[in-house]
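Here is what TrEMBL says about this protein:
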- A:Thr43, A:Ser44, A:Val166, A:Thr183: FAD binding site (BINDING)
- A:Tyr223, A:Arg278: D-dopa binding site (BINDING)
- A:5-324: domain 'FAD dependent oxidoreductase' (DOMAIN)
- A:1-19: signal peptide (SIGNAL)
Amino acid sequence: MAAPKVAVVGAGVIGLSTALCIAETCPSCSVTVLSDQFSPNTTSDVAAGMLIPHTYPGTPIHVQKQWFKETFTYLFAISNSGEASEAGIHLVSGWQVFKNTPKEELPFWSDIVLGFRPMSKAELQKFPQHQFGQAFTTLKCDCPPYLLWLEKRLKATGVQMHTRKVADLWELHSEYNVVVNCTGIGAHQLVGDEKLFPIRGQVLKVHAPWVKNFIRDGDGLTYIYPGIHRITLGGTREKESWSLSPDPGTTKDIFDRCCSLEPSLRGAQDIEVKVGLRPSRWCVRLQREVLSQGGVKLPVVHNYGHGSGGFSVHRGTAKEAARLVGECIAALQGSSSRAKL
Amino acid sequence: MRVAVIGAGVIGLSTALCIHEQYHSLVPSLDMEVYADRYTPHTTSDGAAGLWQPYVSDHGNLRETIWNKETFDYLLGHLGSPAAKEMGLFLISGYNLFTQPVPDPSWKNIVLGFRNLTPKELELFPGYSYGWFNTALMLECRSYLPWLTNRLTQRGVKFFHKKVESFQEMFAQGVDVVINCTGVRAGELQPDPELQPGRGQVIKVLAPWVKHFIITHDIKSGIYKSPYIIPGSEFTVLGGIYQRGNWNEENSAQDHKTIWENCCRLLPALQKAKIVEEWSGLRPARPCVRLERESGRHGHRHAEVIHNYGHGGFGITIHWGCAMAAARLFGSILEEQQLGSPPQPRL
């Protein structure tokens, strides 16, 4: 098969990083990204982009750890290069604090982030309502910069990007040999995945450039993540809520919760409110499927359902998806050569 | 009682405030004035990045270690207050890098979360094989000095834009106590061969993606001669120049090149940073801080000078501890005056 044609549907962090991995591992492929939304209007643009993994109940821990490690290593190298500022990747240190000591004192990712250790008594004094904490240094992917940087890298490798609403993956069967489904929360409707559900997150993006450290409550609901130009204050985890409209009562609640962790935030300026729907699932759907109608087949690779952990594992799942695309192409080439006999 | 503070950098203004806060209610006649030929943003303090960090070795100077701690604890106590932002005060974490193992510093238990760097962290800094990580404080003088000035103005302290030529000039005006916070130019008021300028130059850049301070050390060449990167609330300060005996306050193109190349090598992510400003200043370097009383006479009047200068590159780090020590010296002056003065006639 000359120049296999691969369509990647979705242009958030998963779609773009997957397209890049496919272009890297399959130089002969012609890759096209199709999406109804591009940065700054994707779910990824709302997220802070912190590399602090979410634990998927349905995926073996060693697999999640491998995905995180690959992602961390990849971004670590960029953060330490001249491209760091353009890519929006930077190191940030801080604290995860708990009101009650957690059962699991060492998360699976503690040896991948840098300098992970329990907080000292003196450090905990800053958080009188919290009894226990962990200090570490991790990476942050600021969006839109990271997505725009990925788009730039894609264009440089010849990947095309088109704004297009795909209503049904099958509609692509005549133009493409393989389709990669990175539609995030869109997969609920696109492929009818009932196991995929939104967890609504509202955040504030504020100007408070004196805040240099992240602070996160171990319950995952309240967090302060310093980005390049803005601090992301969060948040909410509203299961099954599909509303993309900011709620003013929630805004005040988030702000108050964050100010109780970091009082100097009272002086924050230019508060912007955003909402995203985390594409949540028991496990990331990272697998091949073959759609067929009337004897015509369309291989599909699914890579969606990353919930609140998209940034943390994106490179790892992108590489795996690219590997699956390679398998699909090999299978197509195998069957086409058999057809020649 | 008339008190004249000479010098309006971080030392002068904080000493003035500390004395006024402690004694004004006890001495209602306390009349305080500040004299300086340079005010913020033109003082030496204004050029400093503002990081609280003493030198790596305290040379056994326990007094100074205590003053450093008192300053840190004082500032830490203000962190949660609404004044913090106005003061230019915030927490910051970062790295100290060495080419060989070194003993832990005297301040390891003063800062928060002090620990050695892990091998993976050291991968970020080729050429450095050992280091520390800790969380410390930033106190930006371009905010702190105006904040101090406001507090003093509210208390009725008067400011004069004037170069004082001698202590005698003050006593002749009727000043009872002079607080000498003249920094690097203290020698003009009273010769001090131990006081030398430690010239520094810095480049201020826009690099808001840098969230950590990074300070390298070359034990052989000495403090501040090795590149450092300190992110502030608006700009990131790049430095690494310390020239003892150099009084030149003009920016040097050679020093610029040294700073820029060394800092970009240290942190490649700086390559795209936009240069906004360049600044040179003279650290008031001395083997130890001169913080002591000097009693004398002016005519038949008692004349007192409290010296508080020579804080080198750690003025911000040590300022409040010194201010409190100066205030204690002031208290001893008051005590002696009370004991020595004739009993007041009772009506």
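Cβ atoms here come from the backbone N, Cα and C positions, even for glycine.
Location within the structure of each feature annotated in TrEMBL.
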residue: A:Thr43; record: FAD binding site; contacts (Cβ under 8 Å, 6+ apart): A:Gly12, A:Gly184, A:Ile185, A:Gly276, A:Leu277, A:Arg278, A:Pro279, A:Gly310
residue: A:Ser44; record: FAD binding site; contacts (Cβ under 8 Å, 6+ apart): A:Gly12, A:Val13, A:Ile14, A:Cys143, A:Leu147, A:Gly310, A:Phe311
residue: A:Val166; record: FAD binding site; contacts (Cβ under 8 Å, 6+ apart): A:Val9, A:Leu34, A:Asp36, A:Leu172, A:Thr183, A:Leu190
residue: A:Tyr223; record: D-dopa binding site; contacts (Cβ under 8 Å, 6+ apart): A:Ala48, A:Met50, A:Phe214, A:Ile215, A:Arg216, A:Asp217, A:Thr232, A:Leu233, A:Gly234, A:Gly235, A:Cys258
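If you look at the signal peptide (A:1-19), the same-chain residues 6 or more away from its ends with a CB under 8 A from one of its CBs are 26, 28-35, 37-39, 42-44, 49, 141, 143, 146-147, 150-151, 154, 159, 161, 166, 169, 172, 175-184, 186, 190, 303-304, 306, 310-311, 314-315, 317-318, 321-322, 325, 329, 332-333, 336. Maximum intra-site Cα distance, FAD binding residues A:Thr43, A:Ser44, A:Val166, A:Thr183: 19 Å.
Summed and averaged per residue, pLDDT over the domain 'FAD dependent oxidoreductase' (A:5-324) gives 97.
When Cβ atoms from all protein chains are considered, those within 10 Å of A:Arg278 (D-dopa binding site) total 26, not counting its own. Around A:Thr183 (FAD binding site), a 10 Å sphere centred on its CB holds 29 further CB atoms from the protein chains shown. In the three-state DSSP reading, A:Ser44 (FAD binding site) counts as helix.
In this structure, A:Tyr223 (D-dopa binding site) is part of a beta strand by DSSP.
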